[in-house]
Each structure stands twice: as C-alpha cells, then as structure tokens.
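Annotated in Swiss-Prot:
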COMPBIAS  1418-1435  compositional bias 'Basic and acidic residues'
DISULFID  Cys117-Cys127  disulfide bond
DISULFID  Cys224-Cys234  disulfide bond
DISULFID  Cys394-Cys458  disulfide bond
DISULFID  Cys407-Cys468  disulfide bond
DISULFID  Cys438-Cys448  disulfide bond
DISULFID  Cys652-Cys662  disulfide bond
DISULFID  Cys820-Cys884  disulfide bond
DISULFID  Cys1061-Cys1125  disulfide bond
DISULFID  Cys1105-Cys1115  disulfide bond
DISULFID  Cys1181-Cys1242  disulfide bond
DISULFID  Cys1271-Cys1335  disulfide bond
DISULFID  Cys1315-Cys1325  disulfide bond
DOMAIN    48-148  domain 'SRCR 1'
DOMAIN    155-255  domain 'SRCR 2'
DOMAIN    690-790  domain 'SRCR 7'
DOMAIN    795-895  domain 'SRCR 8'
DOMAIN    900-1000  domain 'SRCR 9'
CARBOHYD  Asn42  N-linked glycosylation site
CARBOHYD  Asn78  N-linked glycosylation site
CARBOHYD  Asn120  N-linked glycosylation site
CARBOHYD  Asn161  N-linked glycosylation site
CARBOHYD  Asn334  N-linked glycosylation site
CARBOHYD  Asn377  N-linked glycosylation site
CARBOHYD  Asn548  N-linked glycosylation site
CARBOHYD  Asn637  N-linked glycosylation site
CARBOHYD  Asn972  N-linked glycosylation site
CARBOHYD  Asn1013  N-linked glycosylation site
CARBOHYD  Asn1084  N-linked glycosylation site
CARBOHYD  Asn1354  N-linked glycosylation site
REGION    1418-1453  region 'Disordered'
Amino acid sequence: MMLPQNSWHIDFGRCCCHQNLFSAVVTCILLLNSCFLISSFNGTDLELRLVNGDGPCSGTVEVKFQGQWGTVCDDGWNTTASTVVCKQLGCPFSFAMFRFGQAVTRHGKIWLDDVSCYGNESALWECQHREWGSHNCYHGEDVGVNCYGEANLGLRLVDGNNSCSGRVEVKFQERWGTICDDGWNLNTAAVVCRQLGCPSSFISSGVVNSPAVLRPIWLDDILCQGNELALWNCRHRGWGNHDCSHNEDVTLTCYDSSDLELRLVGGTNRCMGRVELKIQGRWGTVCHHKWNNAAADVVCKQLGCGTALHFAGLPHLQSGSDVVWLDGVSCSGNESFLWDCRHSGTVNFDCLHQNDVSVICSDGADLELRLADGSNNCSGRVEVRIHEQWWTICDQNWKNEQALVVCKQLGCPFSVFGSRRAKPSNEARDIWINSISCTGNESALWDCTYDGKAKRTCFRRSDAGVICSDKADLDLRLVGAHSPCYGRLEVKYQGEWGTVCHDRWSTRNAAVVCKQLGCGKPLHVFGMTYFKEASGPIWLDDVSCIGNESNIWDCEHSGWGKHNCVHREDVIVTCSGDATWGLRLVGGSNRCSGRLEVYFQGRWGTVCDDGWNSKAAAVVCSQLDCPSSIIGMGLGNASTGYGKIWLDDVSCDGDESDLWSCRNSGWGNNDCSHSEDVGVICSDASDMELRLVGGSSRCAGKVEVNVQGAVGILCANGWGMNIAEVVCRQLECGSAIRVSREPHFTERTLHILMSNSGCTGGEASLWDCIRWEWKQTACHLNMEASLICSAHRQPRLVGADMPCSGRVEVKHADTWRSVCDSDFSLHAANVLCRELNCGDAISLSVGDHFGKGNGLTWAEKFQCEGSETHLALCPIVQHPEDTCIHSREVGVVCSRYTDVRLVNGKSQCDGQVEINVLGHWGSLCDTHWDPEDARVLCRQLSCGTALSTTGGKYIGERSVRVWGHRFHCLGNESLLDNCQMTVLGAPPCIHGNTVSVICTGSLTQPLFPCLANVSDPYLSAVPEGSALICLEDKRLRLVDGDSRCAGRVEIYHDGFWGTICDDGWDLSDAHVVCQKLGCGVAFNATVSAHFGEGSGPIWLDDLNCTGMESHLWQCPSRGWGQHDCRHKEDAGVICSEFTALRLYSETETESCAGRLEVFYNGTWGSVGRRNITTAIAGIVCRQLGCGENGVVSLAPLSKTGSGFMWVDDIQCPKTHISIWQCLSAPWERRISSPAEETWITCEDRIRVRGGDTECSGRVEIWHAGSWGTVCDDSWDLAEAEVVCQQLGCGSALAALRDASFGQGTGTIWLDDMRCKGNESFLWDCHAKPWGQSDCGHKEDAGVRCSGQSLKSLNASSGHLALILSSIFGLLLLVLFILFLTWCRVQKQKHLPLRVSTRRRGSLEENLFHEMETCLKREDPHGTRTSDDTPNHGCEDASDTSLLGVLPASEATK
C-alpha cells in the first residue's frame, strides 16, 4: 500500500513508525530511542548458514550482517572454528573438517577475516576477528565446513584371518578407504586395536601384500599418543591428503597372549639356543638390533630358566629360517613376557638371519673352563668349552681381575697370579669373545660382564693367558749396592732370580717395592741401572701398580717372562731406609684444615700448587685420617708458609697411600714462591650446612654450602634434576620442579665444584652422592646452580602503581593465582609484607579494588602465626581448586615506614621523627625535610595536620642512628611510603641536624607560635642552633623533568599551582629554587618552556633574586599574578642534585646494555660493581624501560672505562622501583678502572614492529644484548594474548604467522611456545631454551591486539551506548518541541486553536488536541487520510502502547 502523503514515516534500521497522533509521536520517540540502545549493545540481526554443499551441514560459510549475506576468509581458520560453526547450526560436530570455498566463484561481501576461536563460543561472531568487513582476502579464500558425527565415521580390519587382523580401513563420507604407513607406529596400532575391542597384548603391523587399488587413501602421516579413544582423534595430514600409493596401505593383527609362544632352539637343552617366537602357529627369529642383557633376562625368566648369563654370542649355532618376527627389542628387565618389551614392529625384511639373537640361561649352561699349553694345569691359555667346542678369549682389556677369577674357578693357588699373552691354539676354534670385565669377586668367568655379541676377530690376534702361583715360590731383593734398600730390582720366580724392565715404571711401583722390603719410602724413582749389567731372565715388564698392593707381582704386568727389553733397561730403586717422614695441615680451624706441610730430612716445608688437584688433596685427607666428604683447596684462613718448598708438580691418581707416592718433580726441586703454597680443608657432613639463597623463598634460589664457616655457591657444571631432587629433599622443600644456571657476579664468593656426581635423585642428603672441590675462582662460564622446589611459594602484589600494595598473587609451578579473602588473614598479610621487604600490612581489602585476576584461584588456606619470615613457611590447608570467585580476591597495602614515631616530645604527636629501617630505629636528617613531608607524617600518625617542623636540637635527640632517607612528598599522600623517596649517595648526617615535627593533635601548644605576618619562616625567636619552619600555603615544585631536581618551576599560591615567567630569569633565581628543594646549586636556568608549557596562572614575573633568599617569593618581582607573559615563556631549572641513569655503550646505539652510569653534579660517572646483584640489575632495567631482568657481567676486554666513579656499594631489595631508593656510599668522585665498574645487559623486553599500529606487528624480544624474533611454531591466540597484555594493548585479535609483518633480523629467540594465556610475560610460557630453534625468519610470529585493555573496553562500550542513546533521545525531544512550536504558528495563521469551553483540560489534553489538529490534514478532496500505511518491512509501531504512554483514546481519562 502506498504511504499517504500527509503521513509521518521515520525509519531507523529495523525500527520505524508512521503515525499521525500525538501518542504515536511519543511512541516513535521512545521506540526509536530503545531501538538505538539495543543496537548499541550488538542486538543486530546476525545469521549463519552453509551453502553450496551436500546439505545444511556442509558448504561455504556465510554470515548475515546488516541484512546482507557475506563469506568468511580462511586466514587463521582452524578446526576449532569449524566446530563452533557446526555446533551453532545444530549439526554433528564430533569431527568438523574445514575446506576452502574456491570451487564456487562468488561475489559480494567478505564479512570476517582472521577468525580465531577457543571452541567454547556459542556463535561464530563471538570468536576473535577483524572488524566487520575488514579483510585482505578474495573469494578464492572463502572458507567452507563439513560437519560430521560419530555415525559418519567407521573403522575396520579387512582381508585378514579374523575381525582383529587385516588391512586397516576407515569410513569417511560414506566410503571406506585405507591408511598410508607414513609415520605409522605401535602407538597408533594400539589405538586401532583398542577402538575395535580387540586384544592388544601384542600387535603385528606392516604393509599389505594385496593393495586395495579401488579405494581412496583417507589418512596419511597419522601420529597417535596411544591414549586416544578413536583413530581420527590422532594428528594427521587431513582427510584425503596424502603422497602414497596402495602399496603403502597399513595392515595389522591384534594378538592375545594365548596366540604367542617363546622357545630357545639349537642348543643342548631348552635353556640355551636361538630365540624364536611363535605367532599364530608360525615360528620366527628375533633380530639382535638394540638387543641387551635385560632382554636376555626376560627370555630366561619367561622360560623358567633362571637368569641370563652375561654373554649371548653363540656363533656355532645354525642360523634361523623363515620370518624375522621382531626387531629393535628393548627391555627394562621388569617385563614378564618378551612381547611386553618395546620393539620396532614385526616382519623385518632388512634383518638377516646371521643377526639372530641367541641366549644362554643359567639353568642350561653346558660350559667348561681350562688353561691350555702351560707348564701345568694352573698356567696357560684361557679356553672355554661351549656346546662341545673349545673357544679362546681375546686379551683385549684382559687384566688381573679376570685372571684371579680363572685361578679361583680352577682351584689353583691364587695368592699370586698374573695375566699374559698366550700363543695361538691349534685345537681351539676362533675367538669366542674379545672384551670381558670382572671385578675379581665372581665365582666363575661367565659371571663377568661382556660386550654382548660373539667376536670372530681380535686386535693383534692375541689369546688371553693366566699363571696361577703360590706366594712361597716368589721373592724380591735390591742388589749391587752396599744397602739392602738401594740397588737393582730382582724377583725370584720358579726358583730363579731375574730382573724387571723399566717400561711403565712409576713412583707407585717403587713405593710398593720399598714397602714390601720394609725400606720406607722411595727417594729416587726413575732411571735405568748403572750397575754392572745382570744376566739371566727378565721376569717382569710393563709393571703398573695402583699403590696399595702388598707385593710387586700383585701389580699388573705383561706376564712372567714376557718382555721386549734388554738388561741395560733393568730398574733401580732407592728407598729412604730409616728416614723419618711427616705430613700436617697448619693454620686452619682444626688439624684437618690449613696450609699443607711435609717433613723431610729433619725440616718442615710446604708444597707448591703447580699441578695440584682434588685427587692430591684426597690423598692428604686420607693419609691424615681426616674426613673427606668434601675437600677444599686453597689456604682459606691460613697464611702462607716460609722456609723450604719440598714438593712441586705433584700428580696423584687419588688412591695412593701417602703423598710422596705421587709423581712429583723431586724433593726440593721447584720453581715456586710461598704465594703458591697449597692449602687443604678436609670435612664431612657434620661440618656442612645447605641452603638456597637469592630466591624469593627458602625453597628457591642458588645452592649455598657452609663448610666450617666458609661459604660457597655450587657451580652449575653437571647440574641437573637428579641433584636438585636431593637438594629439595634435604631441605624439606618437596621435589624439584625447575633447575637453571644463573650467572655469578660477586668476586669474593667462593665456589664449590662438583668433581664427581653420582646422584640418582633418591638420596637423602647431597653429601651422600657428590664429591666436592673448593674453588676460589669463578665457575665454568661463570654459571652457578639454581633451582625451584615444589614447596616454593612466591608471592607478589599486583594491580597498583606501588610495589608494596595490590592484589595478592602466589606463584607455584610457573602459574600465578589470586588468593581468596577467606584464605588470607592479617597475620598472613604481615608475613607477606615482610617477605617482600615492604614493612608491615596496614590494610586488607576484598573485591576488585586492585583489579580482578584471571584463571584459577589459589587452592590453599594460609594459617600464618605472623612470626614467619616467608609465606611458604606458614601452615596450609588444602581445599578444592577454584572455589573462590574473583570478586572475593584479597588485596593488601603494606608500608615500609609504618614503624614511624615522634619521640622525646610532650605527647605522641610532637617530637623527634624516627623511622625503623631494616629493624633499626633512627632519626632523619633535616637537610631535605620540608613541610609537605611533615603534613604526611602527621596524617599517617592520626595526629591532625602539621603545625611546624624544626631542625637542629629544638626538641632534643636520643637516636643512635641518623638515616639519610629523603622523602619528597606532595603533601596529599596518606603514608610516607607513598611519597617519592631517594637515599642513593646520601652523605652522612651528624647529630644535631635531625628533624622534629609538631602536629595539631599534640596535647601542648607549639613553644614558638608562628607569626602570620612574617613571610620568612625562619624566626629569630627560635633558640640558637634550631630553626622553626611554619607551614603556610605557599609551596614549590619542579615538574616534567627527568628527576625531582629538574623541571618547570611551579608555585602553589592561593589554592592553585602556577608557573613563573622567564623574563629576567637567571642562575641567581634558579639557585634559590635548588636550595629550597634540597637539590644543591643551579646548573642551568632554562627558559622558553624548556620542560613544556604549564597551565593555570602565571604567578611571578621579572624576578630579581640575589641567590641568598630562603624562598623564591622573597625576591623582588612584579607581584602575585602580575605579568605580561604566556606559558610558552615558563621558566625551568636544572640543579646539581639532578640525577639521571643510563646504560652506556661506546659502539652500540641500543641503550639497554652497557656500562651503568649516573648523571650527578653536571657530569656522567660510573657505578661501582661492589654488591651489585641481579635484583639491582632488574631494578635498573625496569627503571629504564629496558625489560624485566638484567644480567651483570665483568667489563668486556675491548671496552674502556668512564675514568671515574660517582657512587659505590649499592644495597637494594628487589621490591624497590628505582635505584634512587637504594642505600649506598655517599656521592664521591674517584678514579676507577673498567674492572671496578658495573656492566649490565637487560633482558626480556618485548615490542612489535612492522604493523600499522603500535599494537600490531612482528613480535620482537630483547635478550642477551640484541633484538630477535619468535618462531610461529605452535603460535596461537594464547601466546598472542600474553603478548598483547604484556604490551598493555588489550586483548589479542589475531595470532599471525609466516612473517605477516615482514621478516625480522637477528636471533630467533623463542620457538615452540606453549602459553596458557594468563602468564605475565611471554618468557614465562613453556618453550625451547633461549636461542634454540629450527626456524627461519620467514616463520616470524606476529600479533594484532585490540589496542586497549579489556576492562576499559568493556566499560567504555557500555557507557558509550548509554551516552549515545541518551543524547539521541534528548535530540528527538528537542525536535518534538520545535515541531510543536511550528504547529502553533501554523494554526494561528490558518486554524485558530480551539479549546473546550465546557471545562479546562489538562496540559496534556491541550497538547494532544493541538498535535491532533496539526497532524490531521485533509486531502484536496476533503476526505480524511487513511492510516493504512505500509510498513516497508519494518516493525509497525501504530498499535504499540509503551509503558507509561497511553493510547490517544485513553488520554482524557
């Protein structure tokens, strides 16, 4: 129907009205306003559909927005988004496959791009995406989705012997297809067997012999973990995507244990032979690849044949035939059946039968041992009979321990035995084994360990031989000189004397000889004979003693009579005879520590440290019968020696019985001074203490060991989880959850080096499994051992501008969680504040005062008593996780200076100011105390406002300490802790210059009341030596500078802050400002708004100070508010106490790595490295905006120093936010070298580059002194969310890959990121170690963030909707009033307004009548217009009665 000519029609989207009555106008106004409000809250008509597919559950994805259908781009699309689509449309979504929509050429809108879903959304548009209609795609990238339920998929095994064997086929899209064997393994096969309800005790898998050529290949590169419920839940290429042929189709058989059988064949009994396995009636062999002794043990145990002998080579057995069933078998030894072991699959066609495995079990051994071709039954070549055949043993690694076992097994005398090389056998077959290892305690040779396989070859083709003898047959002597303790060494063997060749002769050999002859110690060790050459046999050669042998023939040698020497190589030995020897440690804390001294030739002398090591120290401790659990090297507290240096270049093996048995340069031969004297500390566990230091709790940090008062940090060499487990257990800190290597920075720290770690992780104490070595130098690569134990609870306060207030969060196992108010008491708050070095708790809060947390809440109730030093030490009570809502999270406000008081006054509200710092009370210096500080102090003490503050001895002194802390309060703070504070470089303050305060809450009046008409606050009435500062309404400050002592000058006067004009502004004027603010002298009087233009009044102009005034307003000027300036002429000042901070590098432009320098007194100078820690480095980096952490290092060799140093000995807790708050030595300019200066490299800074906004681009990280990128492997919205939140850029809209913002440069720092999305920093997520990646820059990751925080976004969007709707309603109301006015004018001209004369109507009635008259028009024919107005597809409001608005027919009621 046509719209009448005189009808009113308003259309706003779907909301429109057309009425000609007053009520209709009001209805339209309210309806349109409501509709706008609804539209503001996204109440749009959004729809979703799939088109051009096989049905409503497949096809191209289309979204209806603003009445128009459009497609979705495939950028960022994944199966999670497909699942959301299927779920929203009510389609089956147990499997949702996405496809591209390029098969159909489309036109029109592309509504969505970069869609990223979590999977729990109820509609597609609730996922993250670009703005509607914003994209960089074409329709060839339209995304499509196919939704499938379980009913659409199937799995079966076909063409096998039964339903549990055959070719693997999968049903997809109503069609059965095969699976390619690429990536197929036993985990995947196990999923198939379990899904089909088939047994899975043993699984045989391979490829088919008869491929299914007419079927599709559905899956390829399938990878299962083994615990999936269905095969299609495993990772794969995608349905129908493959690069295979049907010759690669997978087949498998699922076996029950009843289908399997094991045997040993080819031996003399059932417990020895070739290993064979029967599967479904067919016997096959096992390939030796990866076979080990544990596998052999499993075979013997399964067959009830005892245990496996520790050799498996049976070269005489006939090889197997038929199939090789198993390959790559690897057992732990605990398995009950061989098929329970891990293996690489069945039917191996690459393994030949010559590699078949054989086993001999202990219950089936048919073995015999003999010595052949010797002088008797107890000497000769070693031979072993196996299966009626004699075999020899290769002499490779053959030693006396093996010979001892042979002698004992044959029942031969073994008080003396020797090993030898035997001549080849004419009877025995080939070498049976070529490497056997015995301890000497075995009862039979086959109880020794061996290398596991038969050997057919032997290096140099030498058989092992043995000579077993009795001690009565042997003797020893030294001949050719006039002393029985000096001469040529001779040995009697088989009734004949013979010599010993010098090959391999050593000090230990000589020590055994001297000890055996009762001749003391060896004096001269090396050298061949210069006596008359002997005759007769050379019995021994290549003698090698350990040093603890009783006889020289007990040492290893080449065999009796086996040598390659002549008699001029005979050994001579010189022993000490009756000489007296001695050893001691002097100058230490006890007899087992100190400087090492040796007594020789009647004199004590020292030992030089050339070549000295822990083995030599161990010999000393053992010789002195001192404990040796931990051995320290170095003098420690002992001084250097004097006199003779007896030994040098000492080299021990560690098992010598005394120090002089070790190799050395000879008595008295050295090239040393006493500065190189050796020191030794011998200790055991009773002298040792273990703790963790430098962490945020007692269960985290670096490993520190205290030995007899000497403290050292454990070096990180060999550091790992096995050692960390022992540390955590010993400290009662649970188990280790993280180990790390941290750099060392302090020169004076001793170190402990792990020279031998045998920790398995199950030991009760670290001393049970580690051999130690003291080091007075740095660790290898300067890295120290650090760890975090499971009992570690690291707290923090977040959500506030100050580090000592905020929402309580506790970190455990890399996750931060908020704490519920019911789980946290005031006692716990006090413990937390003390742990954070934040003083005491002054308040607890509940709710979102400090913002709401995210993720799960803490699942423990802290039951602190209040006296604990760390929150982790409080008793806890577990409760179910996430039982607390985020609106019940607890917040804490701490104050370091809650311990503040006024003492020595008339009441608690007047007196000398004292604060407690680090547990010590002290007064404050009055040098930088001002009225604003006094106001805050009185407010904090609930003592009203400050009346006056005094300097000197106005009230008196009693404090021992005078602290140098300088508070810079504005006057409106509630606590001193909220004021800016500096202490760095503060000079000592002498007594008599301390500050006192009188507050209005005092019970007494000020002794010297201030005079209102005196502008100078320093009154002459104050006693000499004191100064009374009256508090007035004039204040001074510097703003917009880089520190409190530089900036634009502003004065508080008459209730407003204002500026000063630069007319006549000079150093004299600026000097008054600097002195008033305690900022030294003026360096620069800046003009022309150098620090930016101010606002408010310009209070002073044409100042003309002499520089001696106490206040700026005492200088001559035009008068308050009198000027001819603008703010572009605002004056500023830079004072000598102006400080700045930087990291300076001579070659690098990046300001986040280099020498730490401070600007003071007009020049840059360095900072001393004494006491600089990683915590201080972190404060510097955060203060400079260079990241969260820093690494301190020594000066690079190529760098030069600054030449002088400004400050040193900085001490700072990690909770400070500025280095200016740290304690230090006073400011002092002194010459310094690069080695004395601090060098810092900041870490863990993040930025985005290459994007179109500051919140989008390629992700880059500053680490190890350079910028690098992040690889996009596993990059997703969770990782992007962490980046966006860390940058303060709101929430993540998209996680972009493939260098979407261009390729970066430098190192790719992080790869394989795994974030939860609630981490504070990207590097808190799990990832590969720093710098380890397999990516190129074409894979650089990027992000696109919303640009504002979620909180502000949500708040602003709701408020914006309300504001806009209200404005729109008011606008319509104004238009309505204007319309009424126009109607009145028109009626006065044409149709005079008629009002009922019978009774006065209400205003509403008159307005209604006027509207009705005005709106109802007659057409040219005089007929009334119709109300039949077409609705144009919108919702007609003609019959709508809104609440509070009556229809016209009811208006007069």
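Just so it is clear, glycine is given a Cβ too, placed from its N, Cα and C backbone atoms.
The disulfide-bonded residues in question are Cys407, Cys652, Cys1105, Cys1125, and the one with the fewest Cβ neighbours inside 10 Å is Cys1125. Between the CA atoms of Asn161 (N-linked glycosylation site) and Cys1271 (disulfide bond) there is a gap of 49 Å, rounded to the nearest whole number.
Cys407 (disulfide bond) falls within a helix when secondary structure is assigned with DSSP. Checking each of the recorded positions (Cys127, Asn1084, Cys1315, Cys1335) against Asn120 (N-linked glycosylation site), the C-alpha distance stays within 10 Å for Cys127. Ranked by Cα separation from Cys127 (disulfide bond), the recorded positions Asn78, Cys234, Cys652, Cys1115, Cys1271 are led by Asn78. The least crowded of the disulfide-bonded residues Cys224, Cys1115, judged by other CB atoms within 10 A of its own CB, is Cys1115.
Under DSSP, residues within the domain 'SRCR 9' (900-1000) fall into helix, strand and coil as 16 helix, 40 strand, 45 coil. Cβ neighbour count for Cys1325 (disulfide bond) (all protein chains, 10 Å cutoff from its Cβ): 19. Between the alpha carbons (Cα) of Cys1325 (disulfide bond) and Cys1271 (disulfide bond) lies a span of roughly 14 Å. A sphere of 10 angstroms centred on the C-beta of Asn334 (N-linked glycosylation site) encloses 11 other C-beta atoms.
Taking Asn377, Cys438, Asn972, Cys1271, Cys1335 as the recorded positions under consideration, the smallest Cα distance to Cys652 (disulfide bond) is found for Cys438. Broken down with DSSP, the domain 'SRCR 2' (155-255) shows 16 helix, 37 strand, 48 coil.
Taking only the Cα positions, the spacing between Asn78 (N-linked glycosylation site) and Cys117 (disulfide bond) is 8 angstrom. On the 0 to 100 pLDDT scale, the domain 'SRCR 1' (48-148) averages 82 in the predicted structure. In the three-state DSSP assignment, the secondary structure recorded for Asn1084 (N-linked glycosylation site) is strand.
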